[in-house]
């Protein structure tokens, strides 16, 4: 499989990144090299092999559904780039 | 004898015996930092006032005869992807250049509760992505053994600070080799514990199925000492393991008679420097003289590990780094035209090239149409790699090889070629994929640069790893060699 500049533009959109033309060019070349290298994984027969998502055999670590103390609002908003009325403020979603 | 030649336990005893006050020790350490860090660049943020205040509190505690913690008075540096309440934590990224954490990571809390002193936050590759520390968006770190060379990465600051005497121990994080490889390049001891042994709560996530925090120290005893303080189940990290924590110091018996060592032929083959192989062979001879036996084995899927890792780690990273959107914290782009533009511009301005490259790779590998071919296939190959280790550990106690194929390379020499850079991790990545513990210890110098010996153990058998490393250290003095700065 080879990746085109158009693919790079599509992936950048999914990843919420704006790329310059130079970056598009660079990533197209570099991702192609990396993916070409990764294609060696397809040499292996993995029929019937279970995927490893995680090395510890944990499943559904649950906690009781109890009310707990949470961070005070001043702390939550300490790093907020913009805030109003104890809420994070962002530009209008709809124009 | 310099204070730096003491083990942590010796230093701890000196402090307890009031031969030295905690404040004096902290002041001396900051003096070293001010003399050396301009050349090394290990620190991103110093905690001078906080450290001195803490030192005074501890001195008062000692004067009052109150109970003291395991790491009483010992000055430590913390990698800058581990959150520290009230102390700037940047992940060496412009995105978080103004980030002031509102809580402590579990390991930060444990260090504080053990009465250690936080000197400051250590430089790294941005978001722990890299193997040379050149991806720090603030400044690179220079290897204390040769300032023109890289310290390794991503915990380059953690390793360089210990090598340069700018901290008595440090914490790093290891996803594919990020503690072990810089420890190797800087001639210090770096331990990556079993996945799940140390809580990840408060470690800024890169690849959640691989990330693990561990100590960087000058010797193996110190490594055991620090591990004792940070290991253990944490309900705040649902992937932390609920296992009994042994007494690691008592495992350092010096006795390795009858130990069965496996040496993978893939770790000693093509692409590994002759000088590195030679040092590893000499180390095996030392262990043999101590009564261990070694045999060559095969980990047949080693060659597939780097590709597997870069697909899996980048996929996890693309998901984990979605939280950096400029809404709740971090640097927000100015004058966005709408919310979508705010996300795009904040991320594009905040992330450096390697981080973008991995987000792009991961997003691609997870995207519709490619998921099975890349991500799922990589997860299956991960199973094969893990099985390689399981099979060898049926017959052997530890696996030994080099930590890295070469010694530290020159700054700037690999920055334009990401794939070559990724291949530096070929001997550490398989271990991370299998989730087992491994340590890198100094095993000599090649052309004046440190070579690292990697000792790999069974899951949760840090005791065996530490025992072997310690036995080796007792009969060699490589760990006592220091760079001249």
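Glycine is treated like the rest: Cβ placed from N, Cα and C.
According to TrEMBL, the protein carries these features:
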- B:24-466: domain 'Amidase' (DOMAIN)
- B:79: active site, charge relay system (ACT_SITE)
- B:154: active site, charge relay system (ACT_SITE)
- B:178: active site, acyl-ester intermediate (ACT_SITE)
Using the alpha carbons only, what distance in Å do you get between the residue listed as 'active site, acyl-ester intermediate' and residue B:154 (active site, charge relay system) once rounded? 5
I need the CA-to-CA distance for residue B:79 (active site, charge relay system) versus residue B:154 (active site, charge relay system), whole Å please. 10
Restricted to the domain 'Amidase' (B:24-466), the mean pLDDT of the model is 97
For residue B:154 (active site, charge relay system), the number of neighbouring Cβ atoms whose distance to its own Cβ is within 10 Å equals 35
